[in-house]
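J.: Sharing the features that Swiss-Prot gives for it:
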- Leu74, Gly105, Leu124, Gly125, Pro126, Leu127, Thr128, Leu129: S-adenosyl-L-methionine binding site (BINDING)
Amino acid sequence: MMKCLLIATGERVPTWVAQGFAEYHKRLSYWLPLELVEIEPSLRGKNHDPQQAIEDEGRRVMAALPKQPYAVTLDVKGKSLNSEQLAKRMEHWRGLGRNLVFLIGGPEGHSQEVLNISNERWSLGPLTLPHMLVRLIVVEQLYRAATILTNHPYHRGK
């Protein structure tokens, strides 16, 4: 079975985000075991260099990657998918036989190094979302995609 990681920059999330993530993580584990890897964010303050923070976080993300992963980067410039399209992508990813990694960056996004290793870029749409909330949305959408593939009634669709 392939290994699936969600590598997210940021360690302290609100309790309600952690609880929501835990619920969908538990539900998803039946179809797709997912491991959350939290990356320590770079310090930010009024004198911080955002580019340096991006590069530092990028190095930590790269160090956390398994060998030869299929990397799906959450990126505002990525491709937006509806739930059915995501289910088809999930089916494709499962058939690759490679470790699957979803990458969530920090407040300023991903380093160029991380973007360069990405096999796909996925956008959650044009809304600006708190990066801590993205992990909850991603795990819920992966669960929804799994239920679509198995005709589970969670996704009522069209």
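Counting starts with 1 at the first residue shown.
For all residues, glycine too, the Cβ spot is worked out from N, Cα and C.
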J.: Where does Leu129 (S-adenosyl-L-methionine binding site) sit in the DSSP three-state scheme?
T.: coil
J.: Taking DSSP three-state, what's Leu74 (S-adenosyl-L-methionine binding site) in: helix, strand or coil?
T.: strand
J.: Determine the most Cβ-crowded residue among the binding-site residues Gly105, Gly125, Pro126, using a 10 Å radius around each Cβ and all protein chains in the structure.
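T.: Answer returned by the neighbour count: Gly105.
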J.: For each of Leu74, Leu124, Leu129, count the other CB atoms within 10 A of its CB; which of these binding-site residues has the top count?
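T.: Its Cβ has the most other Cβ atoms within 10 Å: Leu74.
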J.: Where does Leu124 (S-adenosyl-L-methionine binding site) sit by DSSP, helix, strand or coil?
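T.: The three-state answer is coil.
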